[in-house]
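Database features (Swiss-Prot):
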type	residues	note
BINDING	D32, D34, D125	Mg(2+) binding site
BINDING	D34, N55, V56, R57, D58, G59, R63, R78, R86, K102	substrate binding site
Amino acid sequence: MSKAGASLATCYGPVSADVMAKAENIRLLILDVDGVLSDGLIYMGNNGEELKAFNVRDGYGIRCALTSDIEVAIITGRKAKLVEDRCATLGITHLYQGQSNKLIAFSDLLEKLAIAPENVAYVGDDLIDWPVMEKVGLSVAVADAHPLLIPRADYVTRIAGGRGAVREVCDLLLLAQGKLDEAKGQSI
């Protein structure tokens with residue numbers, strides 16, 4: 001890359017050379033759900049059914065990452081059938097729901113995939129995510145993350161959770177690895 005403190009212009013704005021260097025080595029992207037893949041709102045129906053909105057652009061970014069040899073996993077504190085369904089649609093096979101201590105699932109993923117922590121990126125939005133974020137090679141907070149999480153992250157997205165933040169991270173990883181052009185024309 002370039003000198004420390006330098007940055008690279010991207011379609012999302014300038015990104016530090018340090019972040020790009022970290023992104024270049026990522027082989028596993030771990031995502032939270034509420035506040036990252038969704039906007040954090042939960043809609044409750046009269047019969048107790050739970051609904052969330054997922055951004056199609058995030059889905060496209062995930063598919064591009066998966067087809068570019070970047071594994072994608074979900075670790076979430078809540079449990080919902082609709083998250084299972086969304087993961088199945090996108091081809092995400094590593095799903096950990098109902099995780100009050102996300103470090104347990106993180107350790108399981110590292111062992112199962114034989115990946116070192118420095119080759120992992122984690123995208124979170126709240127304090128439950130911080131224990132994992134401080135262990136990974138690239139920690140990312142979404143733009144509307146908890147105020148205490150933002151200064152601790154290596155990278156803060158320009159886009160809010162549930163609005164394309166995951167796509168921004170996927171594009172960043174693919175750009176750093178020289179694979180972004182391969183994503184053109186793919187279908188989800």
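Just so you know, glycine gets a Cβ as well, placed from its N, Cα and C.
Structure coloured by features recorded in Swiss-Prot.
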residue : record                 : DSSP class
D32     : Mg(2+) binding site    : coil
V56     : substrate binding site : helix
R63     : substrate binding site : helix
R86     : substrate binding site : helix
D125    : Mg(2+) binding site    : coil
Nearest-integer angstrom distance between the alpha carbons (Cα) of D32 (Mg(2+) binding site) and D58 (substrate binding site): 13
Between R86 (substrate binding site) and D34 (Mg(2+) binding site): CA-CA distance (Å): 13
Binding-site residues listed as D32, D58, least Cβ neighbours within 10 Å: D58
